[in-house]
Amino acid sequence: MADPAFVPLRPIAIKDRSSIVFLQRGQLDVVDGAFVLIDQEGVRVQIPVGGLACLMLEPGTRITHAAIVLCARVGCLVIWVGERGTRLYAAGQPGGARADRLLFQARNALDETARLNVVREMYRRRFDDDPPARRSVDQLRGMEGVRVREIYRLLAKKYAVDWNARRYDHNDWDGADIPNRCLSAATACLYGLCEAAILAAGYAPAIGFLHRGKPQSFVYDVADLYKVETVVPTAFSIAAKIAAGKGDDSPPERQVRIACRDQFRKSGLLEKIIPDIEEILRAGGLEPPLDAPEAVDPVIPPEEPSGDDGHRG
């Protein structure tokens, strides 16, 4: 007989979660039913993964089978990254419970007219301006790049930051200047958050519209909608403080992460991402796919889902 005091682990909606936690140097495990980080002295720190959108695991972390199972049950995305979040090596997938969302995304991506409509809607939302008529996806991509470079230049001027161009090398992280390091750290935070939302909603990170051919193409598409009004100003702000000697003694990347976390919370970004994705895909002008006529319900009816549509719980 089931324990009446036992509460099944079920995902909660992305919009009700905190954003991102970076972890390093410790073992992640489940002890006494709690998700914990255990350091080399055996000190445990509890981490409420059920209330997080994403865990970023840096070098020096190990994770047990029980910890991964718990993250999967509560729908917390786990991403393995390089030191300071500079590389993405792998990601656990907490979503995948819905095929209709993925098929609708793929239908829009495969139809050239619908794809162009989606890209135009992204452009409109990103710059609050209608894109010129009769422009291809490649032309819009080029126009977008010009506008983004100008935004970077203006923000650098606003915050009095020395700025040459967006340059960084994954193999020589410390060789980059402080503004570029801050920007890379900030965008890594945004990418993790957007991927968690995409998976939670039942979409595929790899099926992009403006970006193509990358495992995170749609992540880049979605992140670009918010980048210049969220993490980019935050990165330049931190770079300016460091240049003026007003930052703390922690690495620039840590200062940026803390500032981005606070910015995500204040802006309510997690509440916006999934509804915005739905509206953008509807701009393609296609109808969502219907169930196949031969489709049948499972013999054992599934439990009423919790969380977002893509969560398995």
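Each Cβ is built from the backbone N, Cα and C atoms, and glycine gets one as well.
From a predicted model like this one, the values you see are computed outputs, not experimental measurements.
Taken verbatim from Swiss-Prot:
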type	residues	note
BINDING	Glu144, His211, Asp224	Mn(2+) binding site
REGION	288-313	region 'Disordered'
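Residue environment of Glu144 (Mn(2+) binding site) contains 18 other Cβ atoms, counted within 10 Å of its Cβ in all protein chains. The local packing around His211 (Mn(2+) binding site), expressed as other Cβ atoms within 10 Å of its Cβ over all shown chains, amounts to 17. Excluding the listed site residues Glu144, His211, Asp224, the same chain places Met122, Arg126, Arg141, Leu210, Tyr220, Asp221 with Cβ atoms within 8 Å of the centre of the Mn(2+) site Cβ atoms. Shown in sequence order, Met122, Arg126, Glu144, Leu210 are the residues of the chain, 6+ apart in sequence, with a C-beta less than 8 angstroms from the C-beta of Asp224 (Mn(2+) binding site).
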